[in-house]
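**Student:** Here's a structure for you.
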Amino acid sequence: MTSVKLSTPQTGEFEQPTGLFINNEFVKAVDGKTFDVINPSTEEVICSVQEATEKDVDIAVAAARKAFNGPWRKETPENRGKLLNKLADLFEKNADLIAAVEALDNGKAFSMAKNVDVPAAAGCLRYYGGWADKIEGKVVDTAPDSFNYIRKEPIGVCGQIIPWNFPILMWSWKIGPAIATGNTVVLKTAEQTPLSAYIACKLIQEAGFPPGVINVITGFGKIAGAAMSAHMDIDKIAFTGSTVVGRQIMKSAAGSNLKKVTLELGGKSPNIVFADADLDEAIHWVNFGIYFNHGQACCAGSRIYVQEEIYDKFIQRFKERAAQNAVGDPFAADTFQGPQVSQLQFDRIMGYIEEGKKSGATIETGGNRKGDKGYFIEPTIFSNVTEDMKIQQEEIFGPVCTISKFKTKADVIKIGNNTTYGLAAAVHTSNLTTAIEVANALRAGTVWVNSYNTLHWQLPFGGYKESGIGRELGEAALDNYIQTKTVSIRLGDVLFG
């Protein structure tokens, strides 16, 4: 079987595809292997899905190549845009179902998935649908007897590997620009969270995409992901995930056909609060900056720096605010923070909490498992940290942050940049000059002022340093999926002789 019946409080019973999506069909894996998908709230098995191996990757790539070399290559930009817009419409129509499935295997709050993730995914698809017929070349005049034009062409077959923290959102971030520019896709989901991607594949069928244009597989990174990054017939690989895996993908891409690479990787982002900031607003955004999505965000504001004049007041207020975050059942109406995605992530985060204690940092609040079932962790704040501590330098990827004090603007710029990462940062201040000076000085791809995590599909997102290569979202993301061709036509007589 390539589907099962599932049920959630918001949807009732529904049909959940479990097969690999290749050539517009849900199919079994060649080797017939499956693996279990776990509900992080209950630690129970939701269902089993097909497990792709190298053989399945080959089949999916062949389907994508056939589609790229076939009618899809001749599809008009207008029609590509219409397909993406139709898909966006279907996302909105099926928002409850997509959000419920996200809550089921990812553990994020249903309310958050419905009100944030799904609308943002639909918005992203619609945005790139609008770009499809606006990708233009140009004519360059070099001489009277020469006609030169520059074309923007699709790269070809694109491999895309997405993470488990924002399954449907990352699906859209990857699919949107690739399809708008005329490519075909083989996308691998994270093994922890495959279900919403397969719901989206049903919508691909309904929207009318031709076979082979979008192929989605589930499998493990060491097998299916490795096969994709080393595949000789994949022209480009895009990956969102850890810096460690990003390095491996770069090596595989270089060692195979030197495929083009886009990487959106880890972060350890500074969230800076100056003494002149609106305290209530700053506390709201600092709380949202770290605890949104259970701290499972690459851009999470996990290093909080507060100017010393307001440090004591801020930390007391922030502790009180963090303790108010409702942690629990993703399907409960008031839940803000659900469980971590897996036992592995739960153990990893608890390990960092223990490391913080051993290194001499002080737990201001949290630090414990919440309940005895599910991968729930209390919102946790560490103080009395030093810049060389692991909890200050390494990405924890959970509801854990550190808070430190600083004296001057120059001091906080220096320590804010004291990281191998450079994905995001924030500055909270009522002084526009301070905001601009600090934002310009921070080595980060995105800097928010008096807010946090306010991403938008129109704005480029990506990192400096070890936080990645290339940019997602905005017009900038289109560059990841196009090649530039120069055509030069000689006019008139022979140039020499």
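Quick reminder: no glycine exception, Cβ is built from N, Cα and C everywhere.
According to Swiss-Prot, the feature site 'Transition state stabilizer' maps to N148. The feature NAD(+) binding site is assigned by Swiss-Prot to G241, S242, T243, V244, V245, G246. Residues or ranges marked as active site, proton acceptor in Swiss-Prot (evidence: sequence analysis): E264. Under the heading active site, nucleophile, Swiss-Prot lists C298, citing sequence analysis as support.
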**Student:** Relative to the mean position of the Cβ atoms of G241, S242, T243, V244, V245, G246, the recorded NAD(+) site, which additional same-chain residues have Cβ within 8 Å?
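**Tutor:** Counting only non-site residues, the set is F239, R247, Q248, I249, L265, G266.
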**Student:** Report the member of V244, V245, C298 (the recorded positions) whose C-beta atom has the most other C-beta atoms within 10 angstroms.
**Tutor:** C298
**Student:** What are the non-local neighbours of G241 (NAD(+) binding site), defined as same-chain residues 6+ apart in sequence with CB under 8 A from its CB?
**Tutor:** I161, P163, L265
**Student:** From the recorded positions S242, V244, G246, E264, C298, pick the residue whose C-alpha lies nearest to the C-alpha of N148 (site 'Transition state stabilizer').
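**Tutor:** Nearest in space to N148 (site 'Transition state stabilizer'), counting only the recorded positions, is E264.
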**Student:** Reported as an integer number of Å, what is the Cα distance between V245 (NAD(+) binding site) and E264 (active site, proton acceptor)?
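**Tutor:** Between the alpha carbons of V245 (NAD(+) binding site) and E264 (active site, proton acceptor) there are 11 Å.
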**Student:** Cα within 10 Å of E264 (active site, proton acceptor): which of the binding-site residues T243, V244, G246 qualify?
**Tutor:** T243, G246
**Student:** Could you say which of the recorded positions N148, S242, T243 has its Cβ with the most other Cβ atoms inside 10 Å?
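**Tutor:** Checking each of N148, S242, T243, the winner is T243.
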